[in-house]
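To keep things clear, I will list the structure first and then write my remarks on it.
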Amino acid sequence: MDKSDLVQKAKLAEQAERYDDMAAAMKAVTEGGVELSNEERNLLSVAYKNVVGARRSSWRVISSIEQKTEGNEKKQQMAREYREKIETELQDICSDVLGLLEKYLIANASQAESKVFYLKMKGDYYRYLSEVASGDSKATTVENSQKAYQDAFDISKKDMQPTHPIRLGLALNFSVFYYEILNSPENACQLAKTAFDEAIAELDTLNEDSYKDSTLIMQLLRDNLTLWTSENQGEEAGENEN
């Protein structure tokens, strides 16, 4: 199947909400070795975000059930085995994405915008791995995630407007990484607040095409800040991500 057919297949799969098919089509496009267009890049990102998102959600549900079945060994064992099955799926998906990023996407990125997009993605998928990892492998995934986010962040500050939706989305996810993975609310709040304030200060640079995307992410940054700084924040509260 040629590239345009694969892209069309991915769009059909998206409309049918068959994200595994969508991801497979966009993986094949990426393996063609040609730099992706913005549209193709977004299709790839949406596909895998949904594929991995379903497993992240399932993993959280089953982990919670596993904790609640303490005292009932048989039920707990079933929950644990099911969690491990979901974990394996999640790890395989993340390995797929990280492989594509390393082999094709980051190397082929000719524009700063693309490089930041893919390095952010690398940070995201190592973060997803770190959520289910333990011991040495957790330390490694956390380190890899932080390095990818930091590399992306440095490029975005140098080469992109503070109102650019990719720069804002990176700040959003990097701040979530600080809060959830590094347990560092101060750094999370500082990063989110700086990104929000810098964007507000340059609202006149907002590109008409990306106005909706940028303002939505700014709203998510503000929501997270409100959540993180409120004293009576419950453990169950969930952060917004891009």
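Using the three backbone atoms N, Cα and C, a Cβ is placed for every residue, glycine included.
Swiss-Prot has this to say about the protein:
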MOD_RES   Met1  N-acetylmethionine
SITE      Arg56  site 'Interaction with phosphoserine on interacting protein'
SITE      Arg127  site 'Interaction with phosphoserine on interacting protein'
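A map of Swiss-Prot features onto the structure.
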| residue | record | DSSP class |
| --- | --- | --- |
| Met1 | N-acetylmethionine | coil |
| Arg56 | site 'Interaction with phosphoserine on interacting protein' | helix |
| Arg127 | site 'Interaction with phosphoserine on interacting protein' | helix |
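Long-range Cβ contacts of Met1 (N-acetylmethionine) within its own chain (separation 6+, distance under 8 Å): Lys9, Ala28. Neighbour count (other Cβ atoms within 10 Å of the Cβ, all protein chains): 24 for Arg127 (site 'Interaction with phosphoserine on interacting protein'). In this structure, the CA atom of Arg127 (site 'Interaction with phosphoserine on interacting protein') is 11 Å away from the CA atom of Arg56 (site 'Interaction with phosphoserine on interacting protein').
Within the same chain, residues at least 6 positions away in sequence whose Cβ sits under 8 Å from that of Arg56 (site 'Interaction with phosphoserine on interacting protein') are Leu90, Tyr128, Glu131.
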